[in-house]
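*Asks:* What TrEMBL shows for this protein is this:
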- A:Gly7, A:Cys8, A:Gly9, A:Ser10, A:Val11, A:Gly12: NADP(+) binding site (BINDING)
- A:Lys111: NADPH binding site (BINDING)
- A:143-317: domain 'Homoserine dehydrogenase catalytic' (DOMAIN)
- A:Glu196: L-homoserine binding site (BINDING)
- A:Lys211: active site, proton donor (ACT_SITE)
2 protein chains.
Amino acid sequence: MRIALLGCGSVGRGVATVILEKGLDITITGMADSKSAVMDPDGIDIRAMLAKKRDTGLCGDRGLTAADVVNQGGYDVLVEVTPTNALTGEPALEHIRAALKRGRHVVTSNKGPVALAFSELRDMAQAAGVEFRYEATVGGAIPILHTLEHGLGGNTVKGLYGVLNGTCNYILTRMSEEGLTYDQALSEARELGYAEADPTYDVKGIDAAIKLVILADTIWGMQATLDDVEVTGIDMLTADALRLAATQDCTIRLIGEVVPEPKILRVAPRMIPTNHPLVIEGTLNAVTLKTDMAGEITLIGKGAGSIETASAIIGDLTYIAERYVKGT
Amino acid sequence: MRIALLGCGSVGRGVATVILEKGLDITITGMADSKSAVMDPDGIDIRAMLAKKRDTGLCGDRGLTAADVVNQGGYDVLVEVTPTNALTGEPALEHIRAALKRGRHVVTSNKGPVALAFSELRDMAQAAGVEFRYEATVGGAIPILHTLEHGLGGNTVKGLYGVLNGTCNYILTRMSEEGLTYDQALSEARELGYAEADPTYDVKGIDAAIKLVILADTIWGMQATLDDVEVTGIDMLTADALRLAATQDCTIRLIGEVVPEPKILRVAPRMIPTNHPLVIEGTLNAVTLKTDMAGEITLIGKGAGSIETASAIIGDLTYIAERYVKGT
């Protein structure tokens with residue numbers, strides 16, 4: 001299987017590293033970062049590319065671009081792992097459209113295009129007879145979409161709720177366990193690399209809301225947008241609120257919830273019993289799927305990380321290889 | 001898709017009920033209990049069969065047997081959901097072999113044949129070009145095998161541990177939360193239908209051990225048997241042991257564990273921190289899969305129940321329908 005890999009940040013390097021170290025039967029024929037690109041129909045030298053990126057900050061040549069790779073490269077699957085732009089989805093959205101128009105499968109970890117243009121991209125993929133897969137956009141390494149698609153085959157999903165942002169969960173865990181204030185816990189999260197310099201998207205609940213939109217569109221075809229989600233972040237939570245919850249054998253977690261009928265899309269800090277499966281520690285994520293036959297199924301795992309996200313990407317590539325790329 | 005359904009206990013009736021109520025495109029052409037059977041190439045009347053079973057204790061005619069259904073019936077998939085015989089696997093094992101020899105897919109919830117003859121049955125299915133699936137044997141409604149097969153595609157599983165017996169988990173939850181003695185908690189479990197009149201298999205850890213054998217064979221091809229599992233049950237646990245664990249913010253759960261290298265298969269009561277994902281309540285089951293890329297993935301759900309087990313059966317049938325039975 002030949003892939004073109006857009007994005008050479010921690011996820012892109014993670015995917016390339018896993019392909020190299022596990023000796024997977026996947027050839028990277030093109031790779032691009034924001035300033036350069038490299039193409040080789042026989043497969044680029046992954047080790048050399050990673051070394052060049054480390055030494056120069058570029059994965060390829062300045063004369064080539066991601067668009068060149070997408071439009072001229074020879075590949076079976078476009079793997080789009082550039083950072084999320086939640087407002088426009090660009091430049092990923094344009095690249096994904098171009099690959100689907102060329103009849104290529106697309107695998108992405110980029111939440112922007114999926115949240116903004118799910119129906120369009122799904123329809124384009126169906127028309128072209130190819131796959132559009134995005135397991136890595138929700139819950140990191142947790143195979144939520146695979147489980148919905150296959151593991152719970154025959155079930156009707158009646159709703160879901162979960163912890164979809166590891167940064168918030170880390171902050172709330174520390175406030176709850178150590179009695180830290182919100183500002184203290186956020187500082188600690190920043191120092192450990194669990195929160196970005198500007199943590200707005202995470203702590204305001206926007207990242208979790210985007211993931212809810214993706215799940216709502218995938219499971220129920222809701223054609224939801226970020227505006228449909230009622231969002232409350234954790235940045236106004238006080239240590240007192242956590243202490244009060246503790247007196248009732250409860251704690252507070254940022255819970256995302258979708259109900260299809262009557263339609264509810266909501267992200268908010270919620271008080272839940274400390275023995276509830278969604279009370280998980282640190283940067284973990286968890287999702288509970290409410291189904292008609294299987295009852296409630298909860299999946300817990302790492303919500304972020306270079307290799308963890310690569311795991312979800314490789315899972316999608318394996319799925320495509322098994323179904324479409326015979327002989328690999 | 002045409003199925004033959006062996007077993008008309010709570011699981012068999014659950015499968016039939018779900019097919020009827022959800023209007024699934026599945027035709028039951030044969031059905032058998034231990035004393036009777038019914039066959040109709042055009043599909044038996046599920047509603048009439050369920051009423052007859054309720055009123056007479058028989059699903060069909062005394063003149064027909066399960067073997068008749070298996071050997072003479074017209075079906076694509078044999079669905080074997082009779083009770084587990086852990087010593088011989090019979091009569092299920094013979095029926096499954098016969099169906100595979102006829103080139104029919106097999107789906108089962110019966111732990112006996114899988115634990116006793118996994119390699120043989122897998123090889124027979126491969127030789128015949130059909131599926132042998134058994135999601136319902138481990139973890140009830142939790143799609144553990146689907147997740148291993150697809151959701152974590154590309155990952156190497158390095159080990160697993162989990163809570164695989166709901167009866168024990170219920171007893172331990174009650175001992176821990178209410179300070180009950182083992183005998184008190186067992187009585188309560190019996191009254192609620194969570195423990196059988198003879199709870200030996202459950203409380204001695206044998207049921208969990210059988211599930212470990214199935215997982216070890218499936219994931220690592222260990223060719224393990226029940227004798228390979230080091231088993232300690234919960235029947236000697238005292239309320240004092242639970243109280244002592246509580247003083248260290250821990251509790252005790254019956255944990256099954258498999259490590260492929262060096263080979264460990266073990267079921268034993270273990271002290272674990274109360275905030276650990278495997279500390280689940282009541283009759284729930286949970287499994288944590290340790291993987292090289294995705295890290296630890298934990299799945300939690302109902303480990304038993306008529307409709308929950310039917311969910312796993314239907315999931316396997318859906319898998320087969322998508323791959324083999326086009327046009328359904």
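Placement of Cβ uses the backbone N, Cα and C atoms for every residue, glycine included.
Please treat TrEMBL annotations as automatic predictions, because they have not gone through curation.
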*Asks:* May I ask which of the binding-site residues A:Gly7, A:Ser10, A:Gly12, A:Lys111, A:Glu196 is closest to A:Lys211 (active site, proton donor) if we compare their C-alpha atoms?
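*Replies:* Sorting the binding-site residues by distance from A:Lys211 (active site, proton donor), the top entry is A:Lys111.
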*Asks:* Near the Cβ of A:Val11 (NADP(+) binding site), how many other Cβ atoms are there if near means within 10 Å?
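*Replies:* Around A:Val11 (NADP(+) binding site), other Cβ atoms within 10 Å: 26.
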*Asks:* For A:Gly7 (NADP(+) binding site), what is the tally of other C-beta atoms lying within 10 angstroms of its C-beta?
*Replies:* 24
*Asks:* Within 10 Å of the Cβ of A:Glu196 (L-homoserine binding site), how many other Cβ atoms can be counted across all chains shown?
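*Replies:* A:Glu196 (L-homoserine binding site) is surrounded by 13 other Cβ atoms within 10 Å.
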*Asks:* Among the recorded positions A:Lys111, A:Lys211, whose Cβ has the fewest other Cβ atoms within 10 Å?
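*Replies:* Lowest Cβ count within 10 Å among the recorded positions (A:Lys111, A:Lys211) is A:Lys111.
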*Asks:* Per residue, counting other C-beta atoms within 10 angstroms of the C-beta, which of the binding-site residues A:Gly9, A:Gly12 reaches the highest number?
*Replies:* A:Gly12
*Asks:* Other than its own, how many Cβ atoms are within 10 Å of the Cβ belonging to A:Ser10 (NADP(+) binding site)?
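*Replies:* Looking across every protein chain shown, the total is 15.
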*Asks:* If one looks at the chain holding A:Cys8 (NADP(+) binding site), which residues at least 6 apart in sequence have a CB under 8 angstroms from its CB?
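*Replies:* Once residues fewer than 6 apart are set aside, A:Cys8 (NADP(+) binding site) is near A:Ala16, A:Met31, A:Ala32, A:Asp33, A:Lys53, A:Cys59.
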*Asks:* Where A:Gly7 (NADP(+) binding site) and A:Lys111 (NADPH binding site) are concerned, what is their Cα separation in Å, rounded?
*Replies:* 14
*Asks:* When you average the Cβ positions of A:Gly7, A:Cys8, A:Gly9, A:Ser10, A:Val11, A:Gly12 for the NADP(+) site, which other residues in that chain have a Cβ within 8 Å of that mean position?
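*Replies:* What remains near the Cβ centre is A:Arg13, A:Gly14, A:Val15, A:Asp33, A:Val81, A:Thr82, A:Ser306.
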*Asks:* For the domain 'Homoserine dehydrogenase catalytic' (A:143-317), what is the mean per-residue pLDDT, to the nearest integer?
*Replies:* 95
*Asks:* For A:Lys111 (NADPH binding site), what is the secondary structure state per DSSP, taken as helix, strand or coil?
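*Replies:* Reduced to three states, the DSSP call for A:Lys111 (NADPH binding site) is helix.
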*Asks:* Could you say whether, by DSSP, A:Gly7 (NADP(+) binding site) belongs to a helix, a strand or a coil region?
*Replies:* coil
*Asks:* About how far apart, in whole Å, are the alpha carbons (Cα) of the residue listed as 'NADPH binding site' and A:Val11 (NADP(+) binding site)?
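*Replies:* With the alpha carbons as reference points, the distance is 13 Å.
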